[in-house]
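To start, the structure itself, in C-alpha coordinates.
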(Lines of atoms letter the chains of each structure in order from A and count residues from 1; the text may use other names and numbers.)
(Lines give C-alpha, C1' and ligand atoms only; values in the text may rest on other atoms or scores of the structure.)
Protein backbone atom coordinates (compact mmCIF):
# COMPACT_ATOMS: atom_id res chain seq x y z
CA UNK A 1 0.00 0.00 0.00
CA UNK A 2 1.31 3.48 -0.94
CA UNK A 3 2.23 5.89 1.87
CA UNK A 4 2.02 8.89 -0.48
CA UNK A 5 -0.90 11.01 0.80
CA UNK A 6 -1.51 12.38 -2.73
CA UNK A 7 -1.77 8.95 -4.34
CA UNK A 8 -5.13 8.00 -5.84
CA UNK A 9 -6.88 4.72 -5.12
CA UNK A 10 -6.43 2.15 -7.87
CA UNK A 11 -9.59 0.72 -9.41
CA UNK A 12 -9.69 -2.87 -10.66
CA UNK A 13 -8.96 -3.50 -14.34
CA UNK A 14 -11.85 -5.81 -15.20
CA UNK A 15 -12.59 -7.59 -18.49
CA UNK A 16 -15.09 -4.81 -19.23
CA UNK A 17 -12.34 -2.22 -18.81
CA UNK A 18 -9.92 -4.22 -20.98
CA UNK A 19 -12.57 -4.41 -23.72
CA UNK A 20 -13.20 -0.65 -23.51
CA UNK A 21 -9.46 0.02 -23.70
CA UNK A 22 -9.11 -2.24 -26.76
CA UNK A 23 -11.99 -0.44 -28.51
CA UNK A 24 -10.43 2.92 -27.66
CA UNK A 25 -7.01 1.92 -29.02
CA UNK A 26 -8.24 0.55 -32.36
CA UNK A 27 -6.71 2.50 -35.23
CA UNK A 28 -5.21 5.22 -33.02
CA UNK A 29 -1.82 6.78 -33.56
CA UNK A 30 -1.08 7.41 -29.88
CA UNK A 31 -2.84 7.22 -26.50
CA UNK A 32 -1.18 9.25 -23.75
CA UNK A 33 -0.98 8.05 -21.06
CA UNK A 34 -2.44 4.56 -21.52
CA UNK A 35 -2.08 3.51 -17.87
CA UNK A 36 -3.82 6.70 -16.73
CA UNK A 37 -6.64 6.19 -19.20
CA UNK A 38 -7.11 2.58 -18.10
CA UNK A 39 -7.58 3.89 -14.56
CA UNK A 40 -10.06 6.51 -15.79
CA UNK A 41 -12.04 3.73 -17.49
CA UNK A 42 -11.86 1.58 -14.35
CA UNK A 43 -13.03 4.45 -12.15
CA UNK A 44 -15.87 5.20 -14.57
CA UNK A 45 -16.99 1.56 -14.48
CA UNK A 46 -16.73 1.36 -10.67
CA UNK A 47 -18.58 4.64 -10.00
CA UNK A 48 -20.98 4.46 -12.96
CA UNK A 49 -19.89 7.98 -13.92
CA UNK A 50 -19.21 8.47 -17.65
CA UNK A 51 -15.99 10.08 -18.82
CA UNK A 52 -16.11 13.47 -20.53
CA UNK A 53 -14.67 13.10 -24.03
CA UNK A 54 -13.82 16.27 -25.92
CA UNK A 55 -13.40 16.92 -29.62
CA UNK A 56 -12.96 20.46 -30.85
CA UNK A 57 -13.41 21.39 -34.50
CA UNK A 58 -13.00 24.84 -35.97
CA UNK A 59 -15.64 25.48 -38.66
CA UNK A 60 -13.08 26.62 -41.24
CA UNK A 61 -15.06 25.12 -44.14
CA UNK A 62 -18.76 24.26 -44.52
CA UNK A 63 -18.33 20.61 -45.47
CA UNK A 64 -17.08 17.52 -43.65
CA UNK A 65 -15.25 14.81 -45.60
CA UNK A 66 -14.24 11.24 -44.75
CA UNK A 67 -10.94 12.48 -43.32
CA UNK A 68 -12.88 14.26 -40.57
CA UNK A 69 -14.89 11.13 -39.81
CA UNK A 70 -11.81 9.19 -38.64
CA UNK A 71 -11.91 11.02 -35.32
CA UNK A 72 -15.73 11.23 -35.35
CA UNK A 73 -15.89 7.43 -35.66
CA UNK A 74 -13.71 7.13 -32.57
CA UNK A 75 -16.02 9.51 -30.72
CA UNK A 76 -19.00 7.35 -31.69
CA UNK A 77 -17.24 4.23 -30.38
CA UNK A 78 -16.65 5.99 -27.06
CA UNK A 79 -20.30 7.09 -27.00
CA UNK A 80 -21.37 3.50 -27.51
CA UNK A 81 -19.24 2.58 -24.49
CA UNK A 82 -21.45 4.92 -22.45
CA UNK A 83 -19.30 8.04 -22.19
CA UNK A 84 -20.29 11.69 -22.64
CA UNK A 85 -19.15 13.17 -25.92
CA UNK A 86 -18.64 16.93 -26.15
CA UNK A 87 -18.70 18.23 -29.72
CA UNK A 88 -16.97 21.57 -29.33
CA UNK A 89 -17.39 24.10 -32.12
CA UNK A 90 -14.43 26.46 -32.04
CA UNK A 91 -16.22 29.65 -32.97
CA UNK A 92 -13.77 31.70 -30.87
CA UNK A 93 -10.55 29.89 -31.84
CA UNK A 94 -11.54 30.16 -35.52
CA UNK A 95 -11.11 33.92 -35.15
CA UNK A 96 -7.44 33.25 -34.30
CA UNK A 97 -6.72 30.56 -36.90
CA UNK A 98 -5.02 27.25 -36.00
CA UNK A 99 -1.31 27.39 -36.97
CA UNK A 100 -0.86 23.59 -36.63
CA UNK A 101 1.17 22.22 -39.52
CA UNK A 102 1.39 25.62 -41.18
CA UNK A 103 4.53 27.19 -42.64
CA UNK A 104 2.88 30.61 -42.70
CA UNK A 105 0.25 32.51 -40.73
CA UNK A 106 -3.25 31.14 -41.35
CA UNK A 107 -5.65 33.99 -42.19
CA UNK A 108 -8.38 34.17 -39.53
CA UNK A 109 -12.01 33.82 -40.60
CA UNK A 110 -14.64 36.51 -40.20
CA UNK A 111 -17.43 35.93 -37.68
CA UNK A 112 -19.91 35.75 -40.59
CA UNK A 113 -17.90 32.94 -42.24
CA UNK A 114 -17.65 31.06 -38.95
CA UNK A 115 -21.38 31.30 -38.23
CA UNK A 116 -22.25 30.19 -41.76
CA UNK A 117 -19.93 27.17 -41.60
CA UNK A 118 -20.99 26.20 -38.08
CA UNK A 119 -24.64 25.88 -39.16
CA UNK A 120 -23.92 22.78 -41.22
CA UNK A 121 -21.09 21.34 -39.11
CA UNK A 122 -23.02 19.45 -36.49
CA UNK A 123 -25.78 18.42 -38.90
CA UNK A 124 -23.11 16.57 -40.87
CA UNK A 125 -21.29 15.28 -37.78
CA UNK A 126 -24.62 13.89 -36.53
CA UNK A 127 -24.50 11.41 -39.41
CA UNK A 128 -21.74 9.73 -37.37
CA UNK A 129 -22.42 10.71 -33.76
CA UNK A 130 -25.47 9.78 -31.69
CA UNK A 131 -27.23 13.14 -31.60
CA UNK A 132 -29.13 12.31 -28.40
CA UNK A 133 -25.90 11.50 -26.54
CA UNK A 134 -23.86 14.47 -27.75
CA UNK A 135 -23.26 17.68 -25.83
CA UNK A 136 -22.77 20.60 -28.23
CA UNK A 137 -20.73 23.55 -26.95
CA UNK A 138 -19.15 26.69 -28.40
CA UNK A 139 -15.86 27.86 -26.94
CA UNK A 140 -16.94 31.50 -27.14
CA UNK A 141 -19.06 30.68 -24.05
CA UNK A 142 -16.02 30.95 -21.77
CA UNK A 143 -13.41 32.56 -24.04
CA UNK A 144 -15.27 35.78 -24.80
CA UNK A 145 -15.92 36.63 -21.12
CA UNK A 146 -12.20 36.31 -20.31
CA UNK A 147 -11.51 39.82 -21.55
CA UNK A 148 -8.05 41.39 -21.76
CA UNK A 149 -7.32 40.80 -18.07
CA UNK A 150 -8.18 37.10 -18.22
CA UNK A 151 -6.31 36.65 -21.49
CA UNK A 152 -3.12 38.15 -20.03
CA UNK A 153 -3.39 35.94 -16.94
CA UNK A 154 -3.84 32.89 -19.16
CA UNK A 155 -0.87 33.89 -21.33
CA UNK A 156 1.31 34.11 -18.20
CA UNK A 157 0.85 30.36 -17.66
CA UNK A 158 2.97 29.38 -20.68
CA UNK A 159 6.35 30.53 -21.99
CA UNK A 160 7.54 31.46 -25.46
CA UNK A 161 10.30 28.86 -25.07
CA UNK A 162 7.67 26.14 -24.57
CA UNK A 163 5.75 27.37 -27.61
CA UNK A 164 8.89 27.18 -29.72
CA UNK A 165 9.21 23.49 -28.85
CA UNK A 166 6.43 22.96 -31.38
CA UNK A 167 7.91 21.76 -34.66
CA UNK A 168 6.08 24.08 -37.04
CA UNK A 169 6.89 27.14 -34.90
CA UNK A 170 10.54 26.04 -34.64
CA UNK A 171 10.88 25.69 -38.41
CA UNK A 172 9.33 29.09 -39.03
CA UNK A 173 11.49 30.74 -36.35
CA UNK A 174 14.69 29.17 -37.68
CA UNK A 175 13.70 29.99 -41.25
CA UNK A 176 13.00 33.63 -40.49
CA UNK A 177 9.30 33.22 -41.32
CA UNK A 178 7.17 35.55 -39.18
CA UNK A 179 5.12 34.14 -36.29
CA UNK A 180 2.38 36.46 -35.09
CA UNK A 181 1.81 36.73 -31.34
CA UNK A 182 -1.85 35.81 -31.76
CA UNK A 183 -0.76 32.39 -33.09
CA UNK A 184 0.73 31.57 -29.67
CA UNK A 185 -2.72 32.19 -28.23
CA UNK A 186 -4.31 29.36 -30.21
CA UNK A 187 -2.80 26.41 -28.27
CA UNK A 188 -3.53 28.27 -25.02
CA UNK A 189 -7.17 28.86 -25.89
CA UNK A 190 -7.61 25.25 -27.04
CA UNK A 191 -6.01 24.11 -23.80
CA UNK A 192 -8.27 26.39 -21.78
CA UNK A 193 -11.26 24.70 -23.42
CA UNK A 194 -10.23 21.50 -21.63
CA UNK A 195 -10.19 23.37 -18.32
CA UNK A 196 -13.63 24.87 -18.96
CA UNK A 197 -15.08 21.47 -19.89
CA UNK A 198 -13.12 19.46 -17.28
CA UNK A 199 -12.29 16.94 -20.02
CA UNK A 200 -11.06 13.44 -19.21
CA UNK A 201 -9.90 12.69 -22.76
CA UNK A 202 -9.31 14.92 -25.76
CA UNK A 203 -9.13 13.65 -29.32
CA UNK A 204 -7.41 15.16 -32.34
CA UNK A 205 -5.30 14.46 -35.39
CA UNK A 206 -1.58 13.76 -35.10
CA UNK A 207 -0.92 17.40 -36.02
CA UNK A 208 -2.79 18.46 -32.85
CA UNK A 209 -0.58 16.70 -30.30
CA UNK A 210 1.14 19.84 -29.02
CA UNK A 211 -2.17 21.65 -28.50
CA UNK A 212 -3.65 18.66 -26.66
CA UNK A 213 -0.64 18.53 -24.33
CA UNK A 214 -1.09 22.23 -23.55
CA UNK A 215 -4.60 21.39 -22.34
CA UNK A 216 -3.20 18.69 -20.10
CA UNK A 217 -0.66 21.12 -18.61
CA UNK A 218 -3.24 23.87 -18.02
CA UNK A 219 -5.57 21.45 -16.25
CA UNK A 220 -2.74 20.60 -13.85
CA UNK A 221 -2.16 24.31 -13.19
CA UNK A 222 -5.86 24.81 -12.51
CA UNK A 223 -5.92 21.90 -10.05
CA UNK A 224 -7.88 19.50 -12.25
CA UNK A 225 -7.21 15.86 -12.98
CA UNK A 226 -5.25 15.88 -16.23
CA UNK A 227 -6.90 14.72 -19.43
CA UNK A 228 -5.42 11.89 -21.44
CA UNK A 229 -4.93 12.56 -25.12
CA UNK A 230 -5.68 10.39 -28.11
CA UNK A 231 -4.39 11.21 -31.58
CA UNK A 232 -5.86 9.67 -34.70
CA UNK A 233 -3.95 9.21 -37.97
CA UNK A 234 -4.56 11.65 -40.79
CA UNK A 235 -6.44 9.86 -43.57
CA UNK A 236 -4.73 9.84 -46.94
CA UNK A 237 -6.81 11.20 -49.80
CA UNK A 238 -7.87 9.32 -52.92
CA UNK A 239 -4.37 9.75 -54.36
CA UNK A 240 -2.91 7.79 -51.44
CA UNK A 241 -0.18 10.39 -50.97
CA UNK A 242 -1.37 13.61 -49.34
CA UNK A 243 -3.85 13.87 -46.49
CA UNK A 244 -7.48 14.13 -47.56
CA UNK A 245 -8.32 17.75 -48.25
CA UNK A 246 -10.99 19.58 -50.19
CA UNK A 247 -8.39 22.07 -51.41
CA UNK A 248 -6.34 19.22 -52.90
CA UNK A 249 -9.36 17.68 -54.62
CA UNK A 250 -8.59 14.21 -53.20
CA UNK A 251 -11.56 14.04 -50.84
CA UNK A 252 -14.90 12.26 -50.45
CA UNK A 253 -17.52 14.55 -48.93
CA UNK A 254 -20.04 12.88 -46.63
CA UNK A 255 -22.85 14.87 -48.27
CA UNK A 256 -21.94 13.84 -51.82
CA UNK A 257 -24.38 11.91 -53.99
CA UNK A 258 -24.25 8.13 -53.35
CA UNK A 259 -23.08 7.42 -56.91
CA UNK A 260 -20.23 9.95 -56.66
CA UNK A 261 -19.17 8.69 -53.24
CA UNK A 262 -19.22 5.08 -54.43
CA UNK A 263 -17.28 5.85 -57.62
CA UNK A 264 -14.58 7.76 -55.76
CA UNK A 265 -14.09 4.93 -53.26
CA UNK A 266 -13.82 2.38 -56.05
CA UNK A 267 -11.02 4.48 -57.58
CA UNK A 268 -8.58 4.02 -54.67
CA UNK A 269 -5.64 1.65 -54.92
CA UNK A 270 -5.79 -1.85 -53.44
CA UNK A 271 -3.10 -0.87 -50.91
CA UNK A 272 -5.04 2.22 -49.79
CA UNK A 273 -8.21 0.15 -49.50
CA UNK A 274 -6.86 -1.65 -46.41
CA UNK A 275 -5.98 1.67 -44.80
CA UNK A 276 -9.56 2.85 -45.39
CA UNK A 277 -10.89 -0.41 -43.95
CA UNK A 278 -8.87 0.16 -40.77
CA UNK A 279 -9.81 3.81 -40.30
CA UNK A 280 -13.31 4.06 -41.81
CA UNK A 281 -14.96 0.63 -41.55
CA UNK A 282 -16.96 -0.52 -38.54
CA UNK A 283 -16.14 -4.16 -39.30
CA UNK A 284 -14.11 -6.06 -36.71
CA UNK A 285 -10.34 -6.26 -37.07
CA UNK A 286 -10.63 -10.06 -37.27
CA UNK A 287 -13.01 -9.79 -40.23
CA UNK A 288 -10.75 -7.29 -42.01
CA UNK A 289 -7.75 -9.59 -41.43
CA UNK A 290 -9.76 -12.46 -42.95
CA UNK A 291 -10.59 -10.32 -46.01
CA UNK A 292 -6.91 -9.49 -46.41
CA UNK A 293 -5.94 -13.15 -46.20
CA UNK A 294 -8.51 -14.04 -48.87
CA UNK A 295 -7.15 -11.32 -51.16
CA UNK A 296 -3.60 -12.58 -50.67
CA UNK A 297 -4.91 -16.06 -51.45
CA UNK A 298 -6.16 -14.97 -54.85
CA UNK A 299 -9.63 -13.49 -54.36
CA UNK A 300 -10.20 -10.32 -56.41
CA UNK A 301 -9.55 -7.24 -54.19
CA UNK A 302 -12.39 -5.52 -56.07
CA UNK A 303 -14.85 -7.67 -54.09
CA UNK A 304 -13.67 -6.11 -50.84
CA UNK A 305 -13.53 -2.61 -52.31
CA UNK A 306 -17.21 -2.98 -53.21
CA UNK A 307 -17.96 -4.04 -49.61
CA UNK A 308 -16.12 -0.99 -48.27
CA UNK A 309 -17.78 1.43 -50.68
CA UNK A 310 -21.23 0.01 -49.94
CA UNK A 311 -20.68 0.18 -46.18
CA UNK A 312 -19.67 3.84 -46.31
CA UNK A 313 -22.42 4.89 -48.74
CA UNK A 314 -25.04 3.08 -46.62
CA UNK A 315 -23.79 4.86 -43.49
CA UNK A 316 -24.28 8.34 -44.92
CA UNK A 317 -27.27 7.58 -47.15
CA UNK A 318 -29.05 4.20 -47.01
CA UNK A 319 -28.56 0.55 -47.93
CA UNK A 320 -30.89 1.03 -50.90
CA UNK A 321 -28.74 3.94 -52.11
CA UNK A 322 -25.64 1.76 -51.75
CA UNK A 323 -27.23 -0.97 -53.89
CA UNK A 324 -28.25 1.54 -56.56
CA UNK A 325 -24.76 3.08 -56.51
CA UNK A 326 -23.24 -0.36 -57.18
CA UNK A 327 -25.64 -0.93 -60.09
CA UNK A 328 -24.79 2.51 -61.48
CA UNK A 329 -21.06 1.84 -61.12
CA UNK A 330 -21.30 -1.50 -62.93
CA UNK A 331 -23.40 0.12 -65.66
CA UNK A 332 -20.78 2.82 -66.20
CA UNK A 333 -17.96 0.29 -66.13
CA UNK A 334 -19.60 -1.41 -69.11
CA UNK A 335 -19.69 1.88 -71.00
CA UNK A 336 -23.26 2.76 -70.10
CA UNK A 337 -24.64 6.22 -69.40
CA UNK A 338 -26.27 6.82 -66.00
CA UNK A 339 -30.00 7.52 -65.97
CA UNK A 340 -29.83 10.60 -63.74
CA UNK A 341 -27.36 12.81 -65.62
CA UNK A 342 -28.11 16.55 -65.71
CA UNK A 343 -29.58 18.12 -68.85
CA UNK A 344 -27.94 21.37 -69.97
CA UNK A 345 -28.96 23.80 -72.73
CA UNK A 346 -26.20 26.01 -74.18
CA UNK A 347 -26.08 28.60 -76.95
CA UNK A 348 -23.32 29.83 -79.27
CA UNK A 349 -22.73 26.95 -81.69
CA UNK A 350 -20.23 26.25 -83.02
CA UNK A 351 -18.75 26.30 -79.51
CA UNK A 352 -15.14 25.57 -78.54
CA UNK A 353 -14.90 22.24 -76.73
CA UNK A 354 -13.18 23.82 -73.71
CA UNK A 355 -15.98 26.36 -73.33
CA UNK A 356 -18.63 23.69 -73.78
CA UNK A 357 -17.18 21.56 -70.98
CA UNK A 358 -16.87 24.56 -68.68
CA UNK A 359 -20.35 25.95 -69.39
CA UNK A 360 -21.88 22.49 -68.94
CA UNK A 361 -20.38 22.39 -65.44
CA UNK A 362 -18.18 19.38 -66.18
CA UNK A 363 -14.89 21.17 -65.45
CA UNK A 364 -14.03 24.28 -63.41
CA UNK A 365 -11.93 25.90 -66.16
CA UNK A 366 -11.01 25.63 -69.83
CA UNK A 367 -7.44 24.72 -68.86
CA UNK A 368 -8.80 21.76 -66.89
CA UNK A 369 -10.89 20.84 -69.93
CA UNK A 370 -7.82 20.81 -72.16
CA UNK A 371 -5.89 18.69 -69.64
CA UNK A 372 -8.69 16.13 -69.68
CA UNK A 373 -8.66 16.07 -73.49
CA UNK A 374 -4.88 15.49 -73.48
CA UNK A 375 -5.40 12.54 -71.14
CA UNK A 376 -8.15 11.04 -73.32
CA UNK A 377 -10.78 11.66 -70.67
CA UNK A 378 -13.40 13.49 -72.77
CA UNK A 379 -16.07 11.76 -74.84
CA UNK A 380 -19.01 12.96 -76.93
CA UNK A 381 -21.63 10.27 -77.51
CA UNK A 382 -19.03 7.67 -76.56
CA UNK A 383 -16.35 8.89 -79.00
CA UNK A 384 -13.09 10.12 -77.46
CA UNK A 385 -12.24 13.75 -78.23
CA UNK A 386 -8.57 14.28 -79.13
CA UNK A 387 -8.71 17.71 -80.83
CA UNK A 388 -8.31 20.51 -78.27
CA UNK A 389 -9.34 23.06 -80.94
CA UNK A 390 -12.60 21.24 -81.74
CA UNK A 391 -15.64 23.43 -82.44
CA UNK A 392 -18.86 21.61 -81.58
CA UNK A 393 -21.85 22.16 -83.87
CA UNK A 394 -25.46 22.54 -82.74
CA UNK A 395 -27.22 19.37 -81.67
CA UNK A 396 -28.04 17.07 -78.76
CA UNK A 397 -25.41 14.72 -77.31
CA UNK A 398 -24.05 13.14 -74.14
CA UNK A 399 -20.73 14.56 -72.95
CA UNK A 400 -18.52 12.64 -70.52
CA UNK A 401 -15.45 13.78 -68.57
CA UNK A 402 -13.55 11.06 -66.73
CA UNK A 403 -15.49 8.12 -65.36
CA UNK A 404 -18.14 9.92 -63.34
CA UNK A 405 -19.03 13.30 -64.89
CA UNK A 406 -21.79 13.32 -67.50
CA UNK A 407 -24.16 15.88 -69.03
CA UNK A 408 -26.88 15.65 -71.67
CA UNK A 409 -26.19 18.79 -73.71
CA UNK A 410 -28.51 20.62 -76.09
CA UNK A 411 -26.41 23.14 -78.05
CA UNK A 412 -28.12 25.84 -80.13
CA UNK A 413 -26.76 28.51 -82.47
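A Cβ is built for glycine as well, from the same backbone N, Cα and C atoms used for every other residue.
Features of the protein shown, as given by Swiss-Prot:
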| type | residues | note |
| --- | --- | --- |
| MOTIF | 59-68 | motif ''HIGH' region' |
| MOTIF | 243-247 | motif ''KMSKS' region' |
| BINDING | 246 | ATP binding site |
| DOMAIN | 351-411 | domain 'S4 RNA-binding' |
Residue distribution over DSSP helix, strand and coil in the motif ''HIGH' region' (59-68): 3 helix, 1 strand, 6 coil
Please work out the helix, strand and coil residue numbers for the motif ''KMSKS' region' (243-247) from the DSSP assignment. 0 helix, 1 strand, 4 coil
For the domain 'S4 RNA-binding' (351-411), the DSSP helix/strand/coil residue counts are 16 helix, 23 strand, 22 coil
